[in-house]
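Notes to accompany the following structure.
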Amino acid sequence: MAAVSACLHLLLLLGVLLVPSLTAAQPRAFGGAPPVYARYLVDAAAMPAVELYDYIVVGGGTAGCPLAATLAGSGGGRVLLLERGGAPSEFPALATAGGFVRTLAMADPAPESDAPAQGFTSEDGVPNVRARVLGGGTAINAGFYSRAHPEWFRGHAEDAEVTNWDMRLVNASYEWVERHMTFQPTVRGFQAAVRAALLEANVTPWNGFTVDHVTGTKVGATTFDASGRRHSAADLLAFARPSRLRVAIRATVTRIITNPIDPAARHGRSPQPTIAAIGVVYQDRLLDQHQALLRPGGEVILSAGALGSPQLLLLSGIGPASDLSYLDIPVSTDIPDVGKHMFDNPRNGISIIPSVPIDHSLIQVVGIPSANGTASYLEAASYIVPLAPALRSAGPFIGSSSPLYVTVATIMEKVPGPLSEGSLWLSSTNPLESPPLRFNYLSRPEDLARCVQGVRRVAEVLEGRALDGFRSPVGSVNRRGAVRRDFRIVGMALPVEWRTDDRALAAYCQQTVATLWHYHGGCVAGKVVDRDFRVIGTRAIRVVDASTFSQTPGTNPQATVLMMGRYVGLKMIEERHSRRPVIPS
């Protein structure tokens, strides 16, 4: 997902934002007409008590929307998409890049809240956010779009047998998303200065605008159009046939309904499945229960994200038997790795208050020092925040004692991979609550070493002449007696000897670690799902989202998760009709 949590962490450093609350409105597009996806929407409270479908997709997010649209298109079947949140059109702040910070500031951890972003804090003590709205992360993130690094398709799972991607179909699926959702941004102001600074710091060559993951500095695509309007995964629902798709919002799935499989009827895959899905139970905003059941040959597909998908498997009795028994959850099938192998890419950066007014800009320019994912990625953003300041002096920092609007710019590094991993578990059987989890940030020495080098490169970028115009007019005197203008730093300052002192930089990494919202894992391919994303040991259950990833795809995962929804949908239609897929235009 794009680098939205950089802003969240910054807001926590700055203090409480003075912004209006997000209130739900009726689903209207921001020009007044209903959004195209509105034709499919129904509040879960108005849904029948029992209904039959060919496909039930749980989670109307980054993968779930393109998946449902594809399955309900040409050659598909009758599809129900269940989303626990509301529609993005109910929250005007989601419509433009300008509302990005406000959405993060109003993230609400309360299970019963209707806010489109739900806050949570990992056991590591790092604040984070998950989407709670149709469109998922694409409805609340910074909009940056860039494809996975090529090696990801060959080795993102430990079992090489799992990574059996059809690259022709992968590229066609990327292209389908790009035609309907992405745009080339106009780079100016701070982003243009960052571009020059990256090149000055030898993050070369200059690659111009491209959605490909290539070594050097580049401009990626964005999901904000030329007018500044956001395009989310929810917009892809327009490509479904209206008679085949129903989207229930404020529908929280509580469990998958399964039946044991008669041993005499088992055949095909190894290991042999022991249970089969026959539907799901979900509750509406009034807490009334509904059942969505499968027609013969139908499937339940979890696209609830890296927290929601493993959580729902566990709630359904699919996971480590000992953990489930401890919570008195009947064990349907014992899969020890459900909820294990949770990853989140550490983010560390330097935030400054520029000495001159600059534009509001989300991620547009990225630095990729190594295309194979062995060095940290570099990104930047600038944003205007109204705040009650809680700023600490760092060097020649210039403070303020009264509320004001402040422009803040951040240059950050993201550790690729990562190798450090944690786990997720249940402390409650309430599906509305975020499950507790720990990522164990920077616990592997390889990740810490990459962070050290990444932060050092961020410092080198700031040292370049391209950013001199953003330094404070107040300077400091160096050893030679010359006056050097300094940056007004927000938060913790870099160690003085950052060029040579690896130990001090490692401490800086550990003390300032934050998230980029790119967490993944919990249903990792090769351990929980097979090469077709079917849950091992089950029939008619798949997981299609970032919970299946063991490493992040490229600089930002949004593009690949969107592609994945389209890709798996086409593959499922192919299986349904036992013929090679015809790739629609």
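Here the Cβ of each residue, glycine as well, is placed from N, Cα and C on the backbone.
Bear in mind that the values here come from a model prediction, so they are computed numbers and not experimental data.
Quick look at what TrEMBL lists:
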- VAL133, VAL253, TRP517, HIS518, PRO557, GLN558: FAD binding site (BINDING)
- CYS451-CYS509: disulfide bond (DISULFID)
- 305-319: domain 'Glucose-methanol-choline oxidoreductase N-terminal' (DOMAIN)
- 1-25: signal peptide (SIGNAL)
### Query
So which residues does the domain 'Glucose-methanol-choline oxidoreductase N-terminal' (305-319) touch in its own chain, when a touch means Cβ under 8 Å and the partner is 6 or more beyond its ends?
58-59, 61, 84, 120, 130-131, 136-137, 253-256, 258, 275, 329-336, 338-339, 342, 424-426, 429, 431, 434-435, 437, 519-523, 528, 535, 538, 541, 543, 545-547
### Query
Taking the Cβ of PRO557 (FAD binding site) as the centre, how many other Cβ atoms fall within a 10 Å radius?
28
### Message
Quick check for the class: what is the C-alpha distance, in angstrom and rounded, between VAL133 (FAD binding site) and CYS451 (disulfide bond)?
### Response
32
### Query
What Cα-Cα separation, expressed in whole Å, is found between GLN558 (FAD binding site) and CYS451 (disulfide bond)?
22
### Summary
Note: among recorded positions VAL133, CYS509, least Cβ-dense neighbourhood at 10 Å is CYS509
### Task
Sort out the sequence-distant neighbours of VAL253 (FAD binding site) for me: same chain, 6+ apart, CB within less than 8 Å of its CB, listed by position.
VAL58, LEU82, ARG84, VAL280, VAL281, TYR282, ALA304, LEU312, PRO431
### Message
Based on DSSP, tally up the residues of the domain 'Glucose-methanol-choline oxidoreductase N-terminal' (305-319) by helix, strand and coil.
### Response
11 helix, 2 strand, 2 coil
### Task
Ten-angstrom check, please: count other Cβ atoms within 10 Å of the Cβ of GLN558 (FAD binding site), all chains counted.
31
#### Entry: Segment-level pLDDT (mean, integer) for the domain 'Glucose-methanol-choline oxidoreductase N-terminal' (305-319)
97
### Message
To the nearest Å, how far is the Cα of HIS518 (FAD binding site) from the Cα of CYS509 (disulfide bond)?
### Response
18
### Message
Give me the long-range Cβ neighbours of CYS451 (disulfide bond): same chain, 6+ apart, Cβ under 8 Å, in sequence order.
### Response
PRO346, ASN348, SER376, GLU413, VAL415, LEU442, LEU505, ALA506, CYS509, VAL513
### Query
Counting every protein chain present, what is the number of Cβ atoms, excluding its own, within 10 Å of the Cβ of HIS518 (FAD binding site)?
28
